[in-house]
Amino acid sequence: MDKNRTVALIVAAGSGSRMGGGIPKQYRKVAGVPVIARAVDALASHPAIDAVHVVIGAGQEAQLSEALGERVATSSSGGATRRESVRAGLEAIGDAGRVLIHDAARPFLPPAVIDRLLAALEDKAGAIPTLSMVDTLVRADGGVLGDNVPREGLARVQTPQAFRFDTILAAHRDWSGDAEPTDDAQVARAAGHTVLAVPGDIMLEKLTHEADFAAAEARLGAIMTSRVGMGYDVHAFAEGDHIMLCGLKIPHSHKLAGHSDADVGLHAITDALLGTIADGDIGSHFPPSDARWKGADSGAFLQHAASLVSARGGIIDHVDLTIICEAPKIGPHRQAMRERIAELLALSINRVSVKATTTEQLGFTGRREGMAAQAVASVRLPVE
Ligand SMILES: Nc1ccn([C@@H]2O[C@H](COP(=O)(O)OP(=O)(O)OP(=O)(O)O)[C@@H](O)[C@H]2O)c(=O)n1
Ligand SMILES: C[C@](O)(CO)[C@H](O)COP(=O)(O)O
């Protein structure tokens, strides 16, 4: 590392005890994306940040790797307290010009906050984001109200906290306070450094209690945009005794011909989902020229499209499929089809619609030469 580099240090070695059990909160998903991945994305995508280092709990390497997928970040092990984890992370980074120390539990980090922190760091050893107090403050030990606390001059402290690297590393090495510091500004100030406060952001709220996850999803929803994608597919009938349709094996006088299992319904929904993120079509992801997809289960194509939506932070709201054929009759299978699609997409069944129509014996479907399907998918995606 050299002195011109700016490194983000994300502490993710906590156990989330206030969350109340289950997998550590940093590995849980908000709107389909792991909390830690959102924190890494927010920092790694800022043009001033050169590298991201994550401090994790003992034995969490595989969990981190699964949560981050293709994202690039170095990692090392943390300690028993947040302070120890930060210190361990700084030692692992070794050297840099500036460091932004961030809680993994704060997944939504607007780039403007980073801009403000780095601008403030030009003059001082450290800068942190804060929010002013908007509520009345009062002591309430044991549930009984005591004296009010004047809120003027008080602020709520967030992360990331930005420091000159050498300054904060030395301050952590020198720390000898009695009470455990809850943030790094306290460590810097104890070493005699001035730390500036810049405006934080409500999006930066920490996920501390179970209810914070629902609130985060709701807050995220407010900055999401709706997208609709459509898909259309056709397969010809050929000699056979069943078709694959919406993931079900349905007895029929013919099969549907195709390179994969020719599931015309799942193909239409797959293309509709890819349409919502403008990411090509089923043929560009699974080319018929590729032997790997010969006879493939189209459920895998659908799940891949859903994972691409999820990787963009998207939430699938609804899929609506229309199957176009004279036979077989779809009605008797409709409920099972909806259940299978809902299962593949991890959606509740009331978000999956399957309809059918004939073409009154007109055209290729009317002549029973093949089947067609069209689908519409609606998703919510983070505003770009
Ligand atoms: N020994 C610790 C303790 C906390 N942290 C990290 O510091 C941040 C502080 O947030 P907090 O809500 O305190 O996280 P937890 O310590 O996991 O939660 P709790 O206090 O409820 O156990 C989190 O990203 C957490 O993973 C850490 O890296 N190492
Ligand atoms: C660092 C911090 O997020 C700033 O508000 C906070 O102090 C962490 O405190 P916790 O007790 O570890 O949640």
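Just so it is clear, glycine is given a Cβ too, placed from its N, Cα and C backbone atoms.
Keep in mind that TrEMBL annotations are predicted by a computer and have not been checked by a curator.
Note that the coordinates shown come from a computational prediction; the quantities given were computed from them, not determined experimentally.
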According to TrEMBL, ASP233, HIS235 bind divalent metal cation; which of HIS193, HIS209, HIS267, HIS285 is also listed for that site?
HIS267
Counting across all protein chains present, how many other Cβ atoms fall within 10 Å of the Cβ of ARG151 (site 'Positions MEP for the nucleophilic attack')?
14
Where the C-beta lies under 6 angstroms from ligand 1, the matching recorded positions among ARG18, ARG151, HIS235, HIS267, THR357, THR358
ARG18
Filtered by Cβ under 8 Å and at least 6 apart in sequence, the residues in the chain of ASP233 (4-CDP-2-C-methyl-D-erythritol 2-phosphate binding site) near it are VAL264, HIS267, ALA268, ASP271, ILE282, ALA372, ALA373, GLN374
DSSP three-state assignment (helix, strand or coil) for THR357 (4-CDP-2-C-methyl-D-erythritol 2-phosphate binding site):
strand
